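What follows is one structure encoded as structure tokens, with my remarks underneath.
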Amino acid sequence: MIVPFSSSAQHYQLKSHPDRAEQLPTMEMEKNFGGANVVKNKEAAMVSHSYPGKTDEGITVASATLEGQTEPPPPSPRDIHGFRWVLAVVAVVSSILLYATDNTIVATIQPSIIEDLGDQHLLPWVSVGYMIGGLVFALPSGKVYGLFDTKTLYLICGVIFCIGTTLCGAAPNMACMIVGRIIAGVGGNGMYVGVLTLLAVTTTDKECPAYLSLIGMAYGIGSIIGPLIGGGFAAHATWRWGFYINLVILGIFAPVYIFIMPTFQPRPTMTVRDKSQAYDNLGTLLSVAGLFCAVMAVNFGGTLYSWRSGQIIAHLVLAGMLLISFVLQQIFSFMTNFESRLLPCQLITQREPVLLFVLMAANNCASMVSMYYIPFIFQFIGGSGALSAGTRLLPFIVATTVFIALQGALLPHLPLYKPWYVVGAVFILLGGVFFYRVDIPTTDAYLYGFQVLLGAGVGLYLQAGFAVILAVIGMSDMAYGVTFMLFAQLLGITSGLSFSGAVFTNTALENLRRLLPDLPAEQLQRALSGAAGDFFQKLDEENRKAVLRTIMSSINKSFILCITAGAVSLVAAVFLRNQKMRT
């Protein structure tokens, strides 16, 4: 998840938005917060269950304030300050950096993984497995953090993440690698939601956006430097250290997590049994099973099984039935209630949040396809190694980073948010078209220019969604909005990697089989993974050029996802309201 980079999000008010104060309850709420009983303001009563207790500003004063007398500042919602607080923030933000880096670290080390582990037909799961682990538990994790002790859950998720990365680093085969990636994705997403929750409940409303911006920076930086780190380890040590490094860094900060990091108990009066009964178990089962079936069908279709096979058809049908059942179960609150259901259904009926959801998913789809398949151009066509391919992705990385920072700095001062989406969508659309048209003779200068264009488009609204949706729905529904955007982001990443992997592998394999009918399918799959060794050198000049053209054509087709994401974003952006956000 990428949280809002832009500051002062909680101060944004939409000029055309109705006064949210009219929707707030008239009763005030008193709750134990950080060891001190404080009376909360009216808006606090609307806080979502994912972030109960986020009510640290606007303390009601029992007596009337005398004319000219200033209200005392609200008490701090945390019990640690100074160096200990800085240390705790650095520690939790570091865990986000690691989680984000693991998103993309395999983009440049896939050939090395295949060389060691084989089973190249399972290669898409090395990247997709990590994201599906986070996606299927994105909605459940938010609800769990709204019920149980935050610090305890964060530590458990950290252990799960470490177990997953250990399995990846020590994997003797591809099956172990995939299981490790899924486990790491579950734990990493849990850590992310935990950090978001902790900072939401231990900072004031005035402080919160700055800390959320810090998380966004860590996630953004981690995602874009992942290919560089992976390529560096693959070239100078071993790809396995790309995973072991997580254990080293988390081990260094372990004392901070255990002894210094603050905690928060959202429901101190509820028993464990009551909390378990308040959780939407049926919704979790339906959503997890449905998403897994859908991703398995997309990634196994055309590689492990034919698209017309009974296995793929069964997975698709089952995924459709489960996901439809999940949506209906959420709408009608079957075996759950309005407060406990996983899906923020109240946002699905509003135009602006739905458009922001689509824009978030489309942008992340385009960014992941770019980060995975631009290095492929340099590895296959240019003959670059892992580190060189990662380094030659720098124009995209730098452009994305610069425009993320630009958007974050200017949005509070140029608060009409629609233009950011429109311009960004146009850039993504153009960048996708250019990469779709790239051919072997295309020079590096053009490739670098196309990367800058695509990176600029991605950066213009990659992080804007979280700030904008909070302005649209109001801070009282912060948790619903953040969860909504989190799910959109993970859905975009997972679908982008799944569909682009299926397009690339299926089209390339089909064409290579026609071109080289005497070679076994396994050898062709290794060639597509970049782990073919001297495969290309053994071909005669005519066949070598034909193979490279075939692979380049399949890479081009992967960028159809970028074109689609840009086109969908442009349509969605056009339908956004012309509303101003002002501080």
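Every residue gets a Cβ built from N, Cα and C, even glycine.
TrEMBL entries are annotated by machine, without manual review.
The feature compositional bias 'Polar residues' is assigned by TrEMBL to 1-13.
Per TrEMBL, region 'Disordered' is recorded for 1-22.
Beyond the ends of the transmembrane segment (82-101), by six or more residues, the same chain brings 154, 158, 161, 188-189, 191-192, 194-195, 198-199, 211, 214-215, 218-223, 225-226, 229, 245-246, 249-250, 253, 256-257, 260-262 to within a C-beta distance below 8 angstroms of the stretch. Taken from TrEMBL, the feature transmembrane segment applies to 82-101 (among others).
Residues annotated as domain 'Major facilitator superfamily (MFS) profile' in TrEMBL: 88-581.
Taken from TrEMBL, the feature transmembrane segment covers 121-140 (among others).
Taken from TrEMBL, the feature transmembrane segment covers 152-172 (among others). Using a Cβ-Cβ cut-off under 8 Å and counting only residues 6 or more beyond its ends in the same chain, the transmembrane segment (152-172) has close neighbours at 92, 95, 98-99, 102, 117, 133, 141, 144-145, 179-191, 194-195, 198, 240-244, 246-247, 250, 257-258, 261, 263.
Look at TrEMBL and you will find 178-199 (among others) tagged as transmembrane segment.
The transmembrane segment annotation in TrEMBL covers 241-260 (among others). Residues 80, 84, 87-88, 90-92, 94-95, 98, 102, 105-106, 109, 154-155, 158, 161-162, 165-166, 168-169, 180, 229-230, 233-234 of the same chain sit 6 or more residues outside the transmembrane segment (241-260) yet have a Cβ under 8 Å from a Cβ within it.
The transmembrane segment feature in TrEMBL is assigned to 281-300 (among others). Within the same chain, residues 124-125, 128, 132, 135-137, 139-140, 311-312, 315-316, 318-323, 325-326, 329-330, 334-336, 341-343, 494, 498-499, 501-502 sit at least 6 positions outside the transmembrane segment (281-300) and bring their C-beta atoms closer than 8 Å to a C-beta of that stretch.
Marked as transmembrane segment by TrEMBL: 312-334 (among others). Residues 282-283, 286-287, 289-291, 293-294, 296-297, 300-301, 305-306, 341-343, 345 of the same chain sit 6 or more residues outside the transmembrane segment (312-334) yet have a Cβ under 8 Å from a Cβ within it.
Marked as transmembrane segment by TrEMBL: 354-381 (among others).
Feature annotation from TrEMBL assigns transmembrane segment to 393-412 (among others).
The list of residues near the transmembrane segment (419-436) in space but at least 6 beyond its ends in sequence, with Cβ under 8 angstroms from a Cβ of it, reads 359, 362-363, 366, 370, 373-374, 407, 411, 446, 450-451, 453-461, 464, 556-557, 559-567, 569-570, 572-574, 576. According to TrEMBL, the transmembrane segment annotation covers 419-436 (among others).
Among residues of the same chain six or more beyond the transmembrane segment (480-504), those with a C-beta under 8 A of the stretch's C-beta atoms are 1-3, 48, 50, 103, 123-124, 127-128, 131-132, 134-135, 138-139, 142, 189, 193, 196, 295, 298-299, 301-303, 344, 346-347, 353, 356-358, 360-369, 372-373, 376, 465-466, 469-470, 472-473, 528, 554-555, 557-558, 560-561, 565. If you look up TrEMBL, you'll see 480-504 (among others) marked as transmembrane segment.
According to TrEMBL, the feature transmembrane segment maps to 558-576 (among others). Beyond the ends of the transmembrane segment (558-576), by six or more residues, the same chain brings 351-352, 355, 358-359, 362-363, 365-366, 369-370, 373, 417-418, 421-422, 424-433, 435-436, 454, 457, 461, 492, 496, 499-500, 503-504 to within a C-beta distance below 8 angstroms of the stretch.
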Next item on the list: State the mean pLDDT for the domain 'Major facilitator superfamily (MFS) profile' (88-581).
Entry: 87
